[in-house]
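Undergrad: What follows is a structure written as structure tokens; I'll ask about it next.
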Amino acid sequence: MPHQQMLILFGLLPVATNISTWWNFGSMLLACSSMQVLTGFFLAVHYTANINLAFSSIVHITRDVPYGWMMQNLHAIGASMFFICIYIHIARGLYYGSYLNKKTWLSGTTLLIMLMATAXXXXXXXXXXXXXXXXXXXXXXXXXXXXXXXXXXXXXXXXXXXXXXXXXXXXXXXXILPFGIISLSSLHIMLLHEDGSSNPLGTNSDIDKIPFHPYHTYKDLLMLSLMVLTLLMTVSFLPDIFNDPDNFSKANPLVTPQHIKPEWYFLFAYGILRSVPNKLGGALALAMSIMILLTTPFTHTSTIRSMTFRPIMQLMFWTLVATFVVITWAATKPVEPPFTMISQVASTMYFLFFITNPITGLVENKIMKYN
């Protein structure tokens, strides 16, 4: 019977005994994804993709639709949770050398790009003051790319300005991309289970494995319940913590908000974009900031997989984390003397981590050889 085979497949899946809590974020991402699709469905049912009605339809959802306020807040804060989990998930992969599962890592990076595309499209759907400016900026950045891009932008967003067609296109994109994410996630999991997970020691764990159920199911459930608790507490008590005051006024193409800044989870990429004075160069740096993750499996030169036993690499990694935080912070600030310099230095350091990655590995190999 197929369902029994499935139960055996997942229940008796052999997993290393020593994987830590950093390995729980994958299942949390799956839960986030499911929740976003469900809440998004209920929001889309009541949403109107028209430039004149979009903002009013969202006000209608939060005020008149039963539990609409809850759907909207769960969807918005759920997206923040999604990004917190995915950034931790990626940091875990970098730290413990999980990127050496090449197929899994490449499919995961593609997933990240799709997730960012979905989140960006959802921002434009609200047609609030910050959203119109963000959509215009995104269209302008895309148009900067090449000669052909202007036509591509017109095809995707229907017009250069954020008109009714653009809202409809964004709503449709935000509706279909999550299904792509779900399909790719299943591929990601299948590719992962070809080789199995890594572990904190970065060693082969074939000699010491336990069944996924009940051990890791309950372990996953613990972190999942903590995440749900955090989510519900935030939705209940601080629903606008990640929100921008500009989102409470309707989009007006004639009035630009004082500080156009995206959601916190894009600030890091936005900071890198802003730190390059050239328009095309900025768009390129923005794309590269994500694409550079694809290089890690090919630039790993160390004989050791995990950073647990690589002190120099640990220093580099935590510098990278600090750099990420600094870029995120600097991107919230206006474009003025101290902040521009901070952004540029931090962005350079971000890219330097990936560039010096192979050299650090070779240096560590040499040091180990002499000891």
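In case you wondered, yes, glycine gets a Cβ from its N, Cα and C as well.
A quick note: this is a predicted structure, and the numbers were derived from the prediction, not measured.
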Undergrad: For the record in Swiss-Prot, which of the ranges 105-125, 147-167 is the transmembrane segment one?
TA: 105-125
Undergrad: In whole Å, note down how far the CA of His89 (heme b b566 binding site) lies from the CA of His193 (ubiquinone binding site).
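TA: It is 17 Å, counting Cα to Cα.
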Undergrad: Take the C-alpha atoms of His75 (heme b b562 binding site) and His89 (heme b b566 binding site) and report the distance between them in angstrom, rounded.
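TA: Just about 20 Å between their Cα atoms.
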Undergrad: Which has the fewest other Cβ atoms within 10 Å: His75, His89, His188, His193, the binding-site residues listed?
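TA: With the binding-site residues His75, His89, His188, His193, fewest surrounding Cβ atoms within 10 Å: His193.
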Undergrad: Between Unk174 (heme b b562 binding site) and His89 (heme b b566 binding site), what is the CA-CA distance rounded to a whole number of Å?
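TA: Approximately 23 Å lies between the Cα of Unk174 (heme b b562 binding site) and that of His89 (heme b b566 binding site).
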